[in-house]
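Only one structure is covered here, and it is reproduced in the block below.
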Amino acid sequence: MEDGSPRQTVGSDTCLTLRQRKSEEASKTVSCGKVVRKHLIVFDFDHTIIDANSDVYIQKLAPNGELPPEIKERYTPNGWTPFMRAVFLFLYDSHVQPDDILDCLLEIKFVDGIIDLLKQLHKAGGFEVIIISDSNSVFIEHIMQASGVRPLVHEIFTNYAHFDANGCLQISEYHMQNWCKLSSVNLCKGSVMEEYLDRRRKQGVNFDTVSYVGDGNNDLCPCLRLRSCDLIFPRADYPLAKQLAKDPEQTKAKLHPWRTGLDIASVLLKNCVVNNVTE
């Protein structure tokens, strides 16, 4: 997945192509003579599932609660992951322990209604949830596991991280890309989303709709790849919503700004579940 060029596999205006229709039955769950349709929900993580930027939040563990100038100077607009490597090394050199970082992460609150949303989608059936995030695997897995909602998420795509034998948090880029100017070099979310859809199709799963839930500028790329039958949920008053508002015609999918997870649930459960089961 990480080495290929992006595939424009979900850019069609047609919700189901002829080829997709032929393989449609393979992607539906049949129960008591009824067919349950499948819907993919793609979530960002920071400021979407949790109500903070996890990378920024843990910087409070630095001595006096602030990074020194020589570490701050390591940041470049297209180099967030190398910057975080420097941050994690600085925290390690400052004797911050792995448990300090993990405990700090659990202070972060979830966005209102998001946990209820995940539970409702799971209960409704027919929804497959994934996360695509520029955070890291240690942060996301720990927060989701501790809250009890990790089993509700099918897969997580993010920068790989681990604590080494000395207790220093190490992070590596999800991939290195040069094909998307809308994305950071270490993560093109649109490409990851399309590769996931392609893989699931090969596994016999076709989604009737794709919904994207996000807040930031790096969420624009996947939104531009969605179809007219898909849904975009930009968090109200955040950068993604402002970007989309500049030119509503740039996207084919329907826009549904949101403030709480319940706003998202009301749309998804109405649009996808009411007509989710057919004879």
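The backbone N, Cα and C atoms fix where each Cβ goes, and this holds for glycine too.
Where the annotation comes from TrEMBL, it is an automatic prediction and has not been curated.
Binding of Mg(2+) is annotated in TrEMBL for D44, D46; the matching candidate from D198, D208, D215 at the same site is D215. Same-chain residues with CB within 8 A of the center of the D44, D46, D215 CB atoms, the Mg(2+) site residues themselves not counted, are F45, H47, T48, I49, S133, G214, G216, D219, R235, Y238. Look at D55 (substrate binding site): DSSP puts it in a helix.
The local packing around D134 (substrate binding site), expressed as other Cβ atoms within 10 Å of its Cβ over all shown chains, amounts to 24. Here the C-alpha separation of D44 (Mg(2+) binding site) and D55 (substrate binding site) works out to 14 Å.
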